Amino acid sequence: MTEQKPPITFRQISQPAHRQITVSLLLAVLAAVLSLVPVIVLVELVRTVMLSFQGEPIDASKLWLLVAALMVATVLHGQATVKSLQVSHQADGLLGEHLRQQQITKLGRLPLSWFTRTPSGTVKTYIEDDVTKIHQLIAHAPHDYSAGVLVPLLSLGYMFVVDWRIGLLGLVPLLLAVATMPFMMREFQEKAEKFKSSQKQLDAAVVELVRGIPVIKVFVPEGYDESIFLSRSRSFGGFYREWLHATVHPTALMKIFTSTGFGLLVVAAASPWLITSAGVPVADVLAAFLFINNIAAPLLMLSRTNIMFSEAKAAAADLTEFFNIPVLPPAAGGREPANAGIELKDLSFSYVPDTPVLSGINQKLTAGSITAVVGPSGSGKSTLAALIPRLLDPTEGSVRIGGVPSTDLRSDQLYRRVGFVFQDPYLMRMSVRDNIRLAHPEATDADVVRAARAAQIHERITHLPRGYDSVVGEDAQLSGGEQQRLAIARSILLDAPILVLDEATAFADPDSEAAIQRAITELVAGRTLVVIAHRLHTITGADRILMLENGEVTEAGTHEELVAAGKGYATMWARYQTAQAGIQGEEK
């Protein structure tokens, strides 16, 4: 079961940066207002000087006042602009850090089933791309929108104050640009979702191509892998060209109407009539020349900002979607398991509704016992293993640890008691020592060495270039079996009373398998062991074997009892022996 909560909004997600965003917006508004002062001062200076041509004395105090206003406005405008961008970028950094912290916490609480059905490219988009795109929304939108909206409105207002006919001139490029913008943005909005979907598919193809290179090189016909990637790439490229073709004409018109030349052309065309026929003062016409480009030009910047803002909004929607994915519900904690026994009670699980992977399992695994789970591929073995350490939650029923449902145990309670060795051990890109110590960060170096010795990996580690300080993936290149033993060392160090092994020897060669078996012998002493196995000779000594078929336990007993019963396990054992005999014969 997953936890359902009221939907999370982006406002809630971005809450840590709200104060900085507000401060940045106020500073951006101030900067937008101050940006007009120098132009107004210039107009008033010209007006004052031209009065002297009419025989009026120059008002020196007014000139000095205008110069002082120019100096103060210039300094304050620069300070407000820089401070606005500084605060907005601080908000962006704070929010980015907060989002990634929340994402890591969220990933830790998501059920394993989400990771198995979600493409790597989609995960990358959530964690990396969407957070990066939010930058435009937080770091630049307050400044860009203030300049793009306030400057044209204030400029137009000033032109109407100067003369209503001058104001009407200002409306010409503004109305033409505003009329063009919906056509440009409509094409963008219509194709934005398709663009995002196409980009996600391309990202997923890149990730899958890189991750699957070893398999592709060996098994996939030459050129086939490239054709898949190139097909996605061509699809993306074709869509992008279609998008450009649809927006090129509105964009070109927008550039014309917001250009400096077009604004000056409008004023120049009207100037002779304004001055000679309408009697508008030259200083007022100068105001038209100076302010006309403050009206339409910011709209071009605003249109570009709108495109990036739309991408940022889409990223914000993605992040909101991510944070609303149902998680494993938190446990109340408090109850302590009585022992290391495991009970599977009426246990059922489905990845997809109405398609059960496990159905109605009722089993008790005694503390200190060894239980093997076998069955054909797809029978639900690994899913059953994942339910015990609560990597998944049951759809129905419960997993009880020492009498306590796993859903009632806090993570720290559960993982102190249940260790898990995966079929495909994942090692972090850090030192061998830190990889072993991952489950128990406070462990001493001596504890790490003891765990490595018990896992039969100490000798191999000492032959690495820097021993325990060698970094996995750099100067520590380990085989699959060696990686598995390193994972076992990690579990030995954890010292959990319950251990789940998911086909720990599945990909090991005979030498590695022998070493892993010796390591497992050290590991399981006195512990409750659940082992998923396909190499049946490794579990013949188990206290109990569960035979899984189609998600149900069809047989349970010791190896001898199940062979004697002559059912599914006996058939599987006979086939396994025949296969092993054939392999040994080929080797001889």
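Note that Cβ sites are derived from N, Cα and C of the backbone, with glycine treated the same way.
Note that the structure is a prediction, hence the values are computed from the model and not measured.
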| query | Looking at 63-82, 283-302, which one is transmembrane segment according to TrEMBL? | reply | 63-82
| query | For the transmembrane segment (63-82), what are the same-chain contacts with Cβ under 8 Å, counting residues 6+ beyond its ends? | reply | 27-28, 30-31, 34-35, 37-38, 41, 44-45, 48, 143
| note | Per the Cβ under 8 Å criterion, with at least 6 residues separating them from its ends, the transmembrane segment (21-43) contacts 14, 66-67, 69-70, 73-74, 76-77, 80-81, 83-85, 87-88, 91, 138, 142-143, 145-147, 150-151, 154-155, 158, 162, 283, 286-287, 290-291, 294
| note | Given the transmembrane segment (143-160), its same-chain partners at Cβ distance under 8 Å and 6+ residues beyond its ends are 24-25, 28-29, 31-33, 35-36, 40, 81, 84-85, 88, 166-167, 169-171, 174, 287-288, 291, 294-296, 298-299, 301-302, 305
| message | Using a Cβ cut-off under 8 Å, which residues of the same chain at least 6 positions beyond either end of the transmembrane segment (256-275) come close to it? | response | 165-166, 169, 172-173, 176-177, 180, 282, 285, 288-289, 292-293, 295-297, 299-300
